[in-house]
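K.L.:
As listed in TrEMBL for this protein:
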BINDING   A:K105  NADPH binding site
BINDING   A:E190  L-homoserine binding site
ACT_SITE  A:K205  active site, proton donor
DOMAIN    A:359-439  domain 'ACT'
Protein chains: 2
Amino acid sequence: MKSIKIGLLGLGNVGYGTFSVLKRNQEEIKRRAGRGIEVVAVAVRDVARAEALVAGACKVVNDPHLIVNDPEIDIVVELIGGYDLSKTLVMQAIANGKHVVTANKALLAVHGNEIFAAAQDKGVMVAFEAAVAGGIPIIKALREGLTANRIEWIAGIINGTTNFILSEMRDKGLDFATVLKQAQELGYAEADPTFDIEGVDAAHKATIMSAIAFGIPVQFDKAYVEGISNLNAVDIRYAEQLGYRIKLLGITKRATVNGVEGIELRVHPTLIPAKRLIANVEGAMNAVLVHGDAVGASLYSGRGAGAEPTASSVIADLVDITRLATADPEHRVPHLAFQPNAMTDIAILPMSEITTSYYLRMHVADQPGVLADLTRILAERSISIDAMLQKEPAEGETHTDIIMLTHQTQEKNVTAAIEKMEALNSVVGTVTKIRLENLS
Amino acid sequence: MKSIKIGLLGLGNVGYGTFSVLKRNQEEIKRRAGRGIEVVAVAVRDVARAEALVAGACKVVNDPHLIVNDPEIDIVVELIGGYDLSKTLVMQAIANGKHVVTANKALLAVHGNEIFAAAQDKGVMVAFEAAVAGGIPIIKALREGLTANRIEWIAGIINGTTNFILSEMRDKGLDFATVLKQAQELGYAEADPTFDIEGVDAAHKATIMSAIAFGIPVQFDKAYVEGISNLNAVDIRYAEQLGYRIKLLGITKRATVNGVEGIELRVHPTLIPAKRLIANVEGAMNAVLVHGDAVGASLYSGRGAGAEPTASSVIADLVDITRLATADPEHRVPHLAFQPNAMTDIAILPMSEITTSYYLRMHVADQPGVLADLTRILAERSISIDAMLQKEPAEGETHTDIIMLTHQTQEKNVTAAIEKMEALNSVVGTVTKIRLENLS
């Protein structure tokens, strides 16, 4: 089957991420989507730079209208940002009957109602998973995963720049201006950081989530927006002493005031109990906590920005559209994610062949040479030790516990080493083995 | 438009949860799905009990074959569990051209390949969001949200019973047998807890995720399964001293052994660094950490069991199927989650009307009566104090900081109180106000 043809508007950070991931994972994506997804053209300001990046893989044009008017192109991916040119291009793409994928939260928070109405009339999709919380599939969770629920509230860390700054302020006891400067040097904050630090970006995203959660139009102009630029380091310390962390949250919730139902929509620094999982989402990570009446609270966290995390969401939207345009309705999403004729037969490994780290506990005689014997047995099987804990024997005891954490090795090596260890006279009973994963 | 007709097999915990949530949120769900979703019949062993529960809202039958063979029914929801009768009924429903929704991980982990092939042939869907991690939409995230990625590994806390037991063992320093007994009394563990504590339930779920992540058939017989019944309290303590927590993880990952690609699929107690977010998922909660090459690590957490969390996923599947059977392909999922003709006009509240708690910091003269003035001003506006922190004045200083955390109140009350506080001679400069959310 002929591949789906994509036109990219913009080949910056996210645009090039999208181009790269589509290329690198093209087989994997095709096995899932049922047909190939191919970038056929990109529109950029700097044609020479883009031509070097795409290396002949697709057309490069300067005029973005050439993309939205190109009859060959099925889906337009808008990654140029802003409200004006992007709106003109998106509306033109819709008018031309093309599906649109966009990461542009500002555009949707401000002009979303008009854009979605046009798409509805024209029978095309405007998909925007990448517009909120980067790589986290939160739009899908809200629109499809939690449809059983009356959503009660959403609270999200939905701006990585401010979360990075707040984490650093707390961690290192620094003030806002110092950390902002560092963040700019590290590339976590833009040269003009206003949209991030004043909460505007978070409010765009909260506005979109509010509409989806409660079935209301997008209303960015009604959002309360307060950033972190006036936040004092001393308040972060006092909050901590009281058991709280300060996060910039985007919050939207149902509220009843004087018997009338309303919606709260607000972005501001917020104290939250330090023991909540979301309070421990640090650095540039994002997280969204959703409370539904049936499911209770559920949390979605991951990278909220960056080239490939954002590309992950852009491409998920491309696959969604491709599946709709390709499959029988009943098999839009294959049961096991990959098309039935595109399964592989990679074997499940026997346990002896798996690789991980290990916690080993030995109960041993408190006598010279024991540790030497144990470490020799490990060394002979090329198992190296990452950490060790040796307890003093209890009062009147002649034996004690030794705990070792190993670096990664194959299970069969550890099994063989344990057999040798248990054969030592100095080792009492069996060696306790628990596997260890760093999950990094 | 005529509603979609559902037949429920089983009206236990999850079955009744599904029935209740569909009824309670019927308007909300209809606004999202585009048409009503109606339970027309349930099949149960105890007809009298079920008739009391459904109170005339639908037919109650004793023979489940009456449901799978009923031409009026569009979707069969299988919630009876087990491998035998459930398989017969699911296969018969498929043969009759009905879509199936199931929460039965055991059935799918063991007979999934046969069931999905039959559904594919017949052009029906077998949906199973509720089979893995209860209310967390992890199947949707893996099958649709992360399609751009080459999935590298998944590690999940996917059994609430064992996570509850491990959390209690660590928290209270108790041994396995003691905590299991408590868990049984609290209803967190079944009378026969074998499937949970020996890791079988987690392995069923890991098997399903493994197939979806890597495009391989379900292969429960190849999974390595080790539970927590032999876990010693002393190892939980030693692990903690070394900076780790022990969780029962379901793990599946790509591995290359001697140049050949393979898949690891294993369930066992695992040490993980205590600082990881997933290490802090406690009690009966579930969480799944997915690592994809583009998105990096993303975490999905929430309630993994229970009547309504599981019903949340069952109903999400029902809405998915309903949307496919109802909408134009291009508008399967409405842009803003609700059908365009079913939006509401609930107003966004002005900030003065919102309700939350507050952190207030005042810089005050260290003299008698100041605290009395401040607390009187709050009391006059019915703002009650939850916690307070008063710092000693620094050496040689005549002023100090007072911090108060309030209970919930409307913003306008706090604004008015702050105005009064700032007018006091004893209060220097402005009062710092930061909002506080408990997120519970």
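Heads up, the Cβ atoms here are built off N, Cα and C, so glycines get one too.
Curation plays no part in TrEMBL annotations; they are all automatic predictions.
Worth saying up front: this structure is predicted, and the values here are computed from it rather than measured.
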K.L.:
Expressed to the nearest Å, what is the distance separating A:K205 (active site, proton donor) and the residue listed as 'NADPH binding site' at their Cα atoms?
P.N.:
6
K.L.:
Based on DSSP, name the secondary structure state of A:E190 (L-homoserine binding site): helix, strand or coil.
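P.N.:
Coil, per DSSP.
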K.L.:
Counting every protein chain present, what is the number of Cβ atoms, excluding its own, within 10 Å of the Cβ of the residue listed as 'L-homoserine binding site'?
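P.N.:
Around the Cβ of the residue listed as 'L-homoserine binding site', 13 other Cβ atoms lie within 10 Å.
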K.L.:
On average, what pLDDT score does this prediction assign to the domain 'ACT' (A:359-439)?
P.N.:
96
K.L.:
Report the DSSP secondary-structure composition of the domain 'ACT' (A:359-439) as helix, strand and coil residue counts.
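P.N.:
Counting residues by DSSP class gives 24 helix, 33 strand, 24 coil.
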K.L.:
Long-range same-chain neighbours of A:K105 (NADPH binding site), Cβ under 8 Å, sequence gap at least 6?
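P.N.:
Long-range Cβ contacts: A:F128, A:A131, A:V132, A:D201, A:H204, A:K205, A:I208.
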